[in-house]
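Here's the structure we're looking at; comments come further down.
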Amino acid sequence: MTTPDLEKQQAAATTATTPADPTTKSISSTDTPQQQQPQNASPFKVPHFLIKINNTLESLSGFEARGITRVLPSERQPPSHLADAQVFLLWFGANISVNNLAVALLGPLVFQLGFTDAAWSAIVGAFLGSCSTAYMSIWGPASGNRTMVIARYFMGYWPSKIPTALNIVLMVGYITLSYIIAGQMLSAVSGGSLTIVVGIVVSALVCWVVAVFGMRVFHFYERFALIPQILVLFALIGCAGPYFDTTIESQGDGTAIAANRLSFLSLCLYVPNSWAAAASDYYVYYPESTRKRKIFCLTLFGLWTSFSLVYMMGIGLATGVTHHTAWAEANAISAGALIVAGFEPLKGFGLFCSVIVALGIIANSIPGCYSAALGFQVLGRHFKVVPRWVWTCTVVVLQTVLALAGREHLFVLFQNFLALMGYWVEFMILIFVLEHVLFRRTRGFDWARWEDKSYLPVGWAALVAFLLGWVGAVLGMYQIWYTGPLAVLAGASAGGCDVGVWVGCGFALVSFPPLRWLELRIIGR
């Protein structure tokens, strides 16, 4: 269950004791009465049938009932080498998936970059995006709070709801794309006898089961799902590698190539960076004494190695399209069909590998589904009353409907929309860093007061800086449907250059410190 309201109603319906495992405790049992915020209690009455279903689910072994309430230090898991390894395995296993590989195809195919230019741009972009997510991950063990709850300490109770809502859209959108790519691959494997719908539904069902059960099952699945994935990806390297053209050169003059390098680097940054708004969600059960440096390095290493691997493979496949007819024909069908064509030398075993790769998208979808459900609870007290598993079901249904509706016509639209959504995450992270370094080095945080509006910052400085970041992004963005004036200036010979994230960060960097200083002087928090 997820709130004190649901706790009280359940107490009248059942006398079940609280399980010993912290992941299965009702969230209202996690904070002491002094830590609860009665003024935020919702008058919304939970239906009796929902209480009964919730009680039944909580009795299942390994089911996580907790929602967004803080995990107290006394409820954390003990430190272990396996838990440390899980930090790396989570990010590595979740991101060696073909939806990330498909992003790298755009380097040679859209930005007309050669192998070397595309590879360097992808690796540097992956590193910068991974650093952002690694920084956000350090707050999970330190606070015991979910990422969007932590945002309240940096952006204020009300302004933080904006990135919370944007993160829900981001997670739902990315997973929708993942479902569509899985469907494309399974359809290509079957020679068209299976529709894309089959892959979408299968992916959604497995994702739903794991995400509903929560953290324990989620970590267990991610720990072992990477084994078949990494094996078949190595098989893809072996059979498709001879067709990679590492000698291909970038097209255009020096200015156009430079603009395309930056645009592709920014795109490769957005994808690992998009995990930043959920990074702390998966570490709330780690001991409070866990070293931030360790969490940062393990998260960075897991993300950077996984993205670098799949980006290089995607770039290699894209270079082969230009001179390999079968790959060009497959790419004309879909990105998923191109990946299946890469396994063609393995014949029947290659089809089996393609199925494994397609199903591997599930491991990439589960964390986003889990975090999107938590995001709904952060939106407000009425949303918080609804159990986490109900929001998980809602998210999966929404993703499935969008994937089914958009499988033929909305795929390109989703790709362009989600590239736009990638800008705001960096602005939010920059505000976190500035608040942390400039204003919180000596004051620290009282993590138990995560719902206390009188303690949390008002957030006007963060809101203005965040919006100014968006202004910079609009001026510098380079999308198919819109090119900002600064993007035109930065890449005139290439038709445009995506400098939106860099201009937006510059606007936020300049505006936040003086505005936050003024806010502290006037309001005091």
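Glycine residues also receive a Cβ, built from the backbone N, Cα and C atoms like all the rest.
Nobody curates TrEMBL annotations by hand; they come from automatic prediction.
Look at TrEMBL and you will find 1-41 tagged as region 'Disordered'. Residues or ranges marked as compositional bias 'Low complexity' by TrEMBL: 11-24. For 87-106, 118-141, 162-182, 194-213, 225-244, 264-284, 296-318, 349-373, 385-405, 417-439, 460-481, 487-512, the entry in TrEMBL reads transmembrane segment.
Counting Cβ pairs under 8 Å that are 6 or more residues apart, the transmembrane segment (349-373) and the transmembrane segment (487-512) reach fewer than 3 and are not in contact. In this chain, the transmembrane segment (460-481) lies out of contact with the transmembrane segment (296-318); the count of Cβ pairs under 8 Å, excluding pairs fewer than 6 apart in sequence, is fewer than 3. Using a cut-off of 8 Å between Cβ atoms, the transmembrane segment (264-284) and the transmembrane segment (417-439) share at least three residue pairs, counting only pairs 6 or more apart in sequence. Distant neighbours of the transmembrane segment (118-141): 76, 87, 104, 107-108, 111, 147, 150, 261-262, 264-277, 279-284, 286-290, 292, 295-297, 299-300, 303-304, 307-308, 311-312, 315, 318, 425-426, 429, 432-433; these residues of the same chain sit at least 6 beyond its ends, with a Cβ under 8 Å from one of its Cβ atoms. Residues 89, 92-93, 96-97, 115, 309-310, 313, 316-317, 319-320, 324, 327, 339, 342-346, 350, 353, 356-357, 360, 362-363 of the same chain, all 6+ positions outside the transmembrane segment (225-244), place their C-beta atoms under 8 angstroms from a C-beta of that stretch.
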